[in-house]
């Protein structure tokens with residue numbers, strides 16, 4: 001069965017669903033590092049956790065009903081406390097966009113720091129919700145040292161909380177902004193980890209479709225962690241995909257040309273762009289608009 005979507009679903013929405021990034025936003029920010037691409041803002045939501053929730057942990061679904069008191073502890077005059085989600089104390093916001101935000105949090109008992117992506121389901125249309133749950137399903141399948149782990153999913157009537165591995169080193173994009181291009185030895189080590197993770201995904205018949213420097217994170221030991229599987233999908237050889245998604249500077253020519261594709265080849269193209277970016281500190285293809293970028297990538 002071929003992957004089919006409506007025209008509306010092919011447009012980028014900030015929950016990790018849709019098509020190419022807003023090209024105007026890309027060119028406004030591309031000057032951050034020579035001709036590198038813009039960062040993709042994370043979705044935002046402003047909501048307190050006050051509902052009973054469903055917890056999905058480690059691939060197993062476990063239904064639990066908690067009162068607002070156990071879900072969130074509000075500040076009091078006697079003992080000021082930070083809000084909680086499940087067993088996690090929310091600390092600071094580390095990313096946000098239109099429909100979600102990402103909070104740094106700490107497990108109350110173990111002290112482990114995690115990143116919690118908080119998504120407002122009420123702001124998503126049915127198609128976007130379907131893609132969101134596909135992203136969750138795929139992340140629960142994956143278990144690789146160079147892929148961000150999904151530890152737990154907590155769901156309420158209005159909100160979805162994705163409890164994920166926290167990569168304290170930040171994005172490879174920001175690393176390049178701060179330090180410039182990598183030395184070949186360093187780039188080779190990082191690229192080996194990236195390829196290992198992507199190969200693992202393809203062996204699981206999963207294609208990422210948005211590989212770029214902004215979606216490559218670094219942990220405390222400077223190891224790669226691939227993140228953001230919002231565009232990912234399962235593929236079967238012989239059955240074409242037809243969603244034209246990703247980030248223009250990293251997109252394969254067949255995406256620009258509107259051709260259907262098997263899946264892995266678009267990731268392989270993006271890997272080539274990433275390697276060039278690591279060793280040069282810039283992107284191989286540039287243009288003043290999407291048309292020029294498409295022509296440059298298709299030569």
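For all residues, glycine too, the Cβ spot is worked out from N, Cα and C.
According to TrEMBL, the region 'Disordered' annotation covers 34-82.
Marked as compositional bias 'Polar residues' by TrEMBL: 55-68.
Regional average pLDDT for the domain 'Protein kinase' (88-299) in the model is 92. Feature annotation from TrEMBL assigns domain 'Protein kinase' to 88-299.
The ATP binding site annotation in TrEMBL covers 117. Neighbour count (other Cβ atoms within 10 Å of the Cβ, all protein chains): 22 for residue 117 (ATP binding site).
Following the DSSP three-state reduction, the secondary structure of residue 117 (ATP binding site) is strand.
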